[in-house]
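> Pulled from TrEMBL, these are the listed features:
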type	residues	note
COMPBIAS	237-256	compositional bias 'Low complexity'
DOMAIN	7-227	domain 'Cation/H+ exchanger transmembrane'
REGION	237-260	region 'Disordered'
TRANSMEM	28-54	transmembrane segment
TRANSMEM	119-137	transmembrane segment
TRANSMEM	143-163	transmembrane segment
TRANSMEM	175-198	transmembrane segment
TRANSMEM	204-227	transmembrane segment
Amino acid sequence: MLLPIVVIAMIELGGSNAAVGPRALTHSLVGLFLLGPLLGAAVGWIGITALGWARRHMGVRRDYESLYALGLAFAAFAAAESVGGSGFVAAFGAGIMIDAADPELCDCFMEYGEATAEMFLLLTFVALGTTLIWSGFDVMHWRTLVFAALALGVRSVVLYPMLGGLGLAARDRALIALLGPRGLSSLLLVLLPVFAGVSGAEGLFAVVCVVVLLSLVIHGGGIALYLGARTPRRAAPAPAAAPADTPAPVSTPALAARDDDDPRLTLDELARLRARGEPLVIADARKDAAYYGDGLKAEGAVRIDPEEPVEDAEAHRLPREATIAVYCA
């Protein structure tokens, strides 16, 4: 959300190749707020329509469908940049259009996008952390340190009351406000005026590096040590005594003929278990997108969060002696 502010500030300051004035400002605002979102939404709609046609007529493998997300993001970025719009806003608009236009979006589509984003974030952290970030030491003195502390503090003060409507506990709100977003966004935003040739951008980049370095010390070190000291250490559990009479394993006739190497249950096996009155629990462990998207629910199924299955199973008090059939398609 800070991208429009940075772009407008760049135009007001003026780059080496930009003419400052109302016309340049209007052109940039149109590209930022109009061309970028419209082209991104158009690319997203065309792309997801083409994907739907391919699904119906030819079929698409999950691995290729997951790659499709990355291609649409690059296509939206290139389309907007080619006509003077904002590629970042276009990619964001394409994602919103895809999410709104395709209710049957494959889980792999989102999972691959999230994994790829994390991979690129880590690579960017490594690239900036081993090269450019250390330029902050050149301007590190008491003035820049005070500014960095104020920048980090003001962000927390502003963010804390904004989290009030989410129903979070005060401690959780404080942690989110203190930790906040990672410093990568600050570095990427300050690189825009550097590459645009804005006067004084190199010095501004060095100051931002000081802010990021101070954030690493405070958030990555100080707060982590504080939370570690506040968290009580759990004593190692004592070994449980072996029961005097160990019951023999129960053999379920309904599953006697099945392959033990295959953990899956067929519908016929489930029907036989129910007919015999065996304790049986159907657990729906699909991702949120699939669970809330298609509206189809198995009869009598219990919703289990795939990210925290053990905690959810304990919360639902699932019987330990029951056969649990997990549905995750």
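Each residue, glycine too, has its Cβ placed from N, Cα and C.
Note that the structure is a prediction, hence the values are computed from the model and not measured.
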> Can you tell me which of 28-54, 143-163, 175-198 gets the most C-beta pairs within less than 8 Å of the transmembrane segment (119-137)?
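By Cβ pairs under 8 Å, 175-198 leads among 28-54, 143-163, 175-198.
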> Taking a Cβ cut-off under 8 Å, which residues six or more beyond the ends of the transmembrane segment (143-163) line up next to it in the same chain?
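Cβ under 8 Å, 6 or more out: 136, 173-174, 176-178, 180, 207, 210-211, 213-215, 218.
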